[in-house]
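Inspection log for the structure reproduced underneath, given as structure tokens.
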Amino acid sequence: KCHICGHSGRKREDLETHMLESHGKVEYKCNSCNFLAKSLKNLRRHQLGHQRMHECKYCDYVTPKKDSLLRHKVKHTGEKPFVCGQCNKTFARKGDLKQHELRHAGIKTAMCHVCGDTFFKNYELVHHIQAKHDGLKLYKCDQCTFETAYFHSLVTHGRAYHTGERPYKCDFEGCNYGSANKSQLNVHKRKHTGEKPFKCTMCNYASADNAGLRKHVRKHSSLRPYKCNMCDFDTKHSFLLRKHMETAHNVMT
């Protein structure tokens, strides 16, 4: 609906055409305040400021959508109480089960709001947006050029590079450690407890964090994931690739 004269259009393109022809400009008005944006992307970015943020109690994940938080928390709890009656597949949320059941019926429900393509699952839509529409990075840092598709990544970036904020404090006596996100704090606290929850399935090795486990697993594998883009050199370790780039190609990374 046009915020200037009240004209309404069935499609966004119709409204934009009307505004250009009748008013000489295209503007999008926030329905919560008087803010005017020159693009739909900027309007959506602005509207995030009106939304209540939901925080994960297990890590630093933050989102304006409660459903997104519930879906995220499954990564920590592993709970999947909703069962498909046709194939017995389990889901964490009732909405995910309903979407899955529509797939059995051949109905695509996830639609791209940019081009109108439809998909069976939301992750297929996300991959489509990232590949075809440059990821639609709605969240932009107002102090540098950093952009991201995820609000919690923007929050963590701001703390790490601009504000220096360390809101998550270690509660062990005598320790002054603080971190920008909950995940870092959880890893740090394992230094006090000795907990090593990330275990290798091929030997008795255990690590306090996932990064340590990934590094260890390479010892069991023939995979060499770090590859030079200037020659055929490859290696299991990132530091060896950096050293190779400096010595063989005089490239600092």
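Every residue gets a Cβ built from N, Cα and C, even glycine.
For the domain 'C2H2-type' (54-81), the predicted model reports an average pLDDT of 80. Here TrEMBL flags 54-81 (among others) as domain 'C2H2-type'.
TrEMBL lists 82-109 (among others) with the feature domain 'C2H2-type'. With a cut-off of 8 Å between Cβ atoms, the residues of this chain six or more beyond the domain 'C2H2-type' (82-109) that come close are 67, 70-71, 74, 118-122.
Among the features that TrEMBL reports, domain 'C2H2-type' is placed at 110-138 (among others).
Here TrEMBL flags 139-167 (among others) as domain 'C2H2-type'.
Per TrEMBL, the feature domain 'C2H2-type' maps to 168-197 (among others). Here the domain 'C2H2-type' (168-197) has, by DSSP, the following mix of helix, strand and coil residues: 12 helix, 4 strand, 14 coil.
Among the features that TrEMBL reports, domain 'C2H2-type' is placed at 198-225 (among others). Residues of the domain 'C2H2-type' (198-225) grouped by DSSP class, helix first, strand second and coil last, total 8 helix, 4 strand, 16 coil.
When Cβ-Cβ distances below 8 Å are used as the criterion, the domain 'C2H2-type' (168-197) is approached by residues 56, 58-60, 156, 159-160, 206-209 of the same chain, each at least six residues removed from its ends. With a threshold of 8 Å between CB atoms, the same-chain residues lying at least 6 positions outside the domain 'C2H2-type' (54-81) that come near it are 48, 90-93, 95-96, 151-152, 155-156, 168, 180-183, 186.
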